[in-house]
Amino acid sequence: MVRYAAAAAVLALSLAGPAFAADGGQLFAMQCKMCHQAASTAMAPSLTGVVGRKIASAADFTYSPALKGKAGTWTAANLDAFLKSPAAFAPGTKMPISVPSDENRAAIIDYLKTLK
Ligand code: HEC
């Protein structure tokens, strides 16, 4: 019941219009920044310049074999698939966070483009 109420509230907000449009920077601060800092840490690789970068290529981070084994670059489409379900994109990845909302993923990816 509580979950339905929460979903209804979110739906109401999203129907309310642009004033409530997802803010990628804010979403990143809430859901990603506790692990992803400006520079790589033991917790997570740096996402500075990640859009267009080769997958699993930050020199100063030890990736899982799962992500290290992926070919390709972080295009918007790859980021979208990864953030929708990291485990489906790269089974065995150490990245634990998924972003189920299409709108929130798009906003976060737009924000990642600004990290240069
Ligand atoms: C609990 C810590 C944690 C959180 C929170 C987290 N990540 Fe990650 N992320 C990781 C780890 C660890 C990896 C490396 C995964 C691997 O090696 O398999 C990673 C990898 C990534 C990569 C691939 C980077 C590369 O260099 O190839 C992207 C993109 C990414 N995360 C985006 C995000 C976004 C966007 C969020 C927020 C919605 C987020 N992450 C939240 C820990 C986290």
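Placement of Cβ uses the backbone N, Cα and C atoms for every residue, glycine included.
What TrEMBL says about a protein is an automatic prediction, not a curated fact.
Annotated in TrEMBL:
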DOMAIN    19-116  domain 'Cytochrome c'
SIGNAL    1-21  signal peptide
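Per-class residue totals from DSSP over the domain 'Cytochrome c' (19-116), listed helix then strand then coil: 39 helix, 2 strand, 57 coil.
Note on the domain 'Cytochrome c' (19-116): its mean pLDDT in the predicted model is 96.
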